[in-house]
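K.L.:
According to Swiss-Prot:
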REPEAT    33-62  repeat 'ANK 1'
REPEAT    157-186  repeat 'ANK 2'
REPEAT    218-247  repeat 'ANK 3'
REPEAT    251-281  repeat 'ANK 4'
REPEAT    285-314  repeat 'ANK 5'
REPEAT    316-345  repeat 'ANK 6'
REPEAT    347-375  repeat 'ANK 7'
REPEAT    378-407  repeat 'ANK 8'
Amino acid sequence: MDGRCLHNIMYTGTYDEIMRAINIYEHRNYSSFRNLPLHYAIYSRRKDIVETLLKSGYDPNSVDITDNNCLQLLSMPFDITMLPVDEEVQDYAISFYLSKNMKHTSMLIPITKEALRGNRYPSEPYFSSMCRKFKDNELCIMDLLLRYGALPNSRKDGLLPLYHAAAAGNTEMVELLLSYGAKTNLHTRYEDSIFMCAIKSNNVKTAKIISDLYNYKNDINNILKTIQLYNADMLLFLIEIGLDINTKDKKGKTALHYACNSINCIETVKEIMKYGADINVKDREGLTPLHSACKYGDLKLSKLLIEYGADVKVKTTSTVLNLAVESGNVELVKFLIEKNPEFITSDYLSLSLAIRCKDINIVLLLLDAGMDVNSSKCISTPLHLGVILGNSNIVKLLLDHGANINAIDKYGETPLEAANKRINIDYAELYKSNRFIIKYLVFLSRYDYKIKNNIGFIKNMYIIDKDETLSCFRNMCETELDKISSIKIGQYSLYSLLASDNDVKEYICKNRQEITQKIIDNLKDIIIYRSFIEKYISRINI
């Protein structure tokens, strides 16, 4: 008999069938994996078989092929794929287990056995009795192993049995291991203490047993970092044993900071606030919990924190709006601006960040809210950034909102000049951005004669003149503008209407429909400046 057959029969066979299988295995494979029958019996929770094998000399401290000893096999999370059943039964067992909100994964064994018997919907009293018997059976197996000499503090790999039991919130198993001398001052490979394992289980009874033997203050940093894992009862327990909810770790962060760093933390935050958490506490970087919420783009959490009194105007290395912009949550950005309209005039960095993130929706939101499209408080203007970072759609958007194409940055370069000096750039996007800029440049030069004396304009024209492709497109723009200027709309040219419709408002108001139709009739050969004209038509017909 091979190991797989022996494993399967442990779950389905009678005592006699299993012992016959073990006898066959011992005669054929005993020298290779001497204690394998004991490991299988433990993992399948066959107390009767475990007791028989221990009496016959099987080693309670032996390890299996995964380097786990007998106590570890009994206390570690159960792997349902070890059960000799098909996927349909496995899926049922997992679904039923989750529906009961159970914490001990080994309960999958009796659930599966009941399913194989055809009892997939046991009554509540029957199910409760079944669980109680199974749990008692597990404890009896552990007691047998310990009485036959299993060492509670021994391991070759993995977690100690006490840590597995504490992490599962298995209070009875924890008590049994402690009674046999299990140590509480060791740590896991992840530096978790026994106390951390216990509180993560959210079983207050288990945590209390460990806390009586261990100083929780040794784990204060880890407790804060994992605060989002604890339910209301566990949080109350931590407060009762002395945890100050405003305690800071080495980074200056509190429990509220860490809670706001995680997803689905609304309820945790509400619980923390019950115990007097400082809503505007700053860490060593000057960041508040609201900064954390905005960093992860959590609109619901941000609203909750502000309801509790979080200061949206708090000054630090980054504003909450900066972080919200980087998160990409348009609704959060909109909400913060509504809460603090001063962001529009004081937070010049957010527009640059939105451009860096290439988030056209947030760029549009900030521009429509009134943020300065020509802000020069950074090294470069927003238009410089848009061109250099290679996003022609954002470049067009900035130009449509009045970006100054002749602006000079701190290095003395215009957007066109700066972008065309770059080597590491998306040339397809640069090509489109160049055309947008030249289109606006040529249009402006037609009606603003003073612009020709502007140093930025001179620089731009120099860049265009020395590049054959750019010069060619400029000439195309000039030709199309000549055509637009030749189109007569009443006593005005179409170009004069586009360039200065404020001067002819009365004429436009009286002849709106006629003007619109006349323009539409002449759109056929207009390509480069078609968007200008369509925008003009929309504007006069509002």
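Cβ atoms are placed via backbone N, Cα and C, with glycine included.
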K.L.:
Six or more residues beyond either end and a Cβ under 8 Å away: which residues meet both conditions relative to the repeat 'ANK 1' (33-62)?
P.N.:
3, 6-7, 10-11, 15, 18-19, 22, 25-26, 69-71, 73-74, 78, 82, 106, 109, 134, 137-138, 140-141, 144-146, 148-151, 154
K.L.:
Same chain only, please: residues at least 6 beyond the ends of the repeat 'ANK 4' (251-281) with a C-beta under 8 Å from a C-beta of the stretch. Say none if there are none.
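P.N.:
Contacts of the repeat 'ANK 4' (251-281) (Cβ under 8 Å, skipping residues fewer than 6 from its ends): 223-228, 230, 232, 235, 239, 245, 287-290, 292-293, 296, 298, 300-301, 304-305, 308-311, 314.
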K.L.:
Residue list, the repeat 'ANK 8' (378-407) vs rest of chain: Cβ under 8 Å, 6 or more residues beyond ends.
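P.N.:
Same-chain residues near the repeat 'ANK 8' (378-407) but 6 or more away: 348-349, 351-352, 355-356, 358, 360, 363-364, 367, 413-416, 418-419, 422, 425-426, 429-430, 432-433, 436-437, 440-441, 444, 451, 454-457, 459-460, 535.
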